[in-house]
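Have a look at the structure below before the remarks.
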Amino acid sequence: MVALAIVSVALNGFNHLAMKQIEMPWHEPRFWMAIAGFVFITAMLAGTYPAFYLSSFNSVQVLKGSLGFGKLVSLPRKILVVVQFTVSVTLIIGTVIVYKQVQFAKDRPVGYDRNGLMMVQMVSSDFYAKYDVLKTELKNTGVVTGVSTSSSPATDIWNSNGGFDWEGKDPSLIAELATFTVSADYASIVGWEFVKGRNLSADKASDSSAFVINESAAKMFGFDDPIGEVVKWQSWWTKGRSDFTIVGVIKDQIVKSPYDPPVPAVYFLKGGPNWITFRIDPKVDIHEALPKVQAVFAKVIPSVPLDYKFVDQEFATKFASEERIGVLSLLFSVLAILISCLGLSGLASFVAERRAKEIGIRKVIGASIFSLWRMLSRDFAILVVVACCIAVPIAYYFLDAWLVKFDYRTELSWWIFAFSCAGALVITLLTVSYQTIRAAWANPVKSLRLE
């Protein structure tokens, strides 16, 4: 009943974390039959082994106290402790690796400044007809530093195209690049980092047939100096291939998955926009700026409810899946450690009781508390070391298989395994210390009075 109560309370939190909709089937007869069957089978198994084991004892030996079955009784407990700590150490290593992988991806240069950027999709013709008015009104609020447009959101790729050709291109290469229509002020508002060349300009007629490319596209094209080179492309607004001159190269940006290589991309002025991107003044608090932005959209385009997105929040969702795995691993690690500690504490109590006379004799002949603690703790430390020797290769195998799917992946550093094993060892010593020190402090007269 306690377990059912705990599960019932924790289920909502688990569903929110795991993005599931699991419900307790309280009204299902099969559910209660399964619970009753589980309780019955567990009770039978828990009672059957001790019953058969105890019935095999010789009554004379029992009365004499000469059975000597301590090792046989403790062996199953030791095996269970090793299994429990194997699971615990594996989960600890997995939790650290997942966290390290997420941090590794988060530390990658994004290629633009995502803080304070807002996006609004142009979902109706009013956005196109009233864009200039909207842009002016937003700037007049005093909280928006610039407004621009693009065909894709800053955190995704909506268009990828082939049909590219250039001098020296390998005929067998199928060149497909992400294609972005942007306004001329998009670069300054988003915060492009230029490696070479310049930005697109609406004031230059020649820039209607110009490209800004990213570093990955520059590598694909293979030009020693891309600036001024011509790329032919059969775009959707021309019948044949048109010449586009490269005027700038920017640093790669994380637009799709932060765990994948950057996608080769080209940016140009022609084409229809789908998104409005604007930046909130960093000197203004976002909670102060948001009502003013909402008021402008409600005034200029009252027919469409404002659906805005923050670029930094959209970018954060790219890590959501791995972060959920990390949190779930942490929760299961804590649960496994608690269960392991309960088993370890029981085993420590059992061993301390079985060796009470030995401890009493050692105390009488002058053994120190520390030497007794070390003697009793050594066996438990050995169990954890055995568990670590089993857990490390298991964790390495599964985590290496998990990391293979990421092009940008963290290293399975040796210190992670050492840290996890050391942590398990410390937890073990802390858990058994109470029982071992309690046994070491006990009055030897009590354990030896019958001898």
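Cβ coordinates come from backbone N, Cα and C, glycine included.
Feature list (source: TrEMBL):
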type: DOMAIN; residues: 87-254; note: domain 'MacB-like periplasmic core'
type: DOMAIN; residues: 331-444; note: domain 'ABC3 transporter permease C-terminal'
type: TRANSMEM; residues: 30-54; note: transmembrane segment
type: TRANSMEM; residues: 79-99; note: transmembrane segment
type: TRANSMEM; residues: 327-352; note: transmembrane segment
type: TRANSMEM; residues: 380-399; note: transmembrane segment
type: TRANSMEM; residues: 414-434; note: transmembrane segment
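With a threshold of 8 Å between CB atoms, the same-chain residues lying at least 6 positions outside the transmembrane segment (79-99) that come near it are 322, 325-326, 329-330, 332-333, 336-337, 339-340, 343-344, 347, 380, 383-384, 386-388, 390-392, 394-395, 398-399, 403, 410, 412, 416-417, 419-421, 423-424, 428. For the transmembrane segment (414-434), same-chain residues at least 6 beyond its ends with a Cβ under 8 Å from one of its own Cβ atoms are 85, 88-89, 92-93, 96-97, 100, 337, 341, 344-345, 348, 373, 376-377, 380-381, 383-385, 387-388, 391-392, 395-396.
Cβ atoms under 8 Å from those of the transmembrane segment (380-399) belong to residues 78, 81-90, 93-94, 97, 344, 347-348, 412, 417, 420-421, 424-425, 428-429, 432 of the same chain, restricted to positions at least 6 beyond its ends. This prediction places the mean pLDDT of the domain 'ABC3 transporter permease C-terminal' (331-444) at 84. In terms of DSSP secondary structure, the domain 'ABC3 transporter permease C-terminal' (331-444) contains 97 helix, 0 strand, 17 coil.
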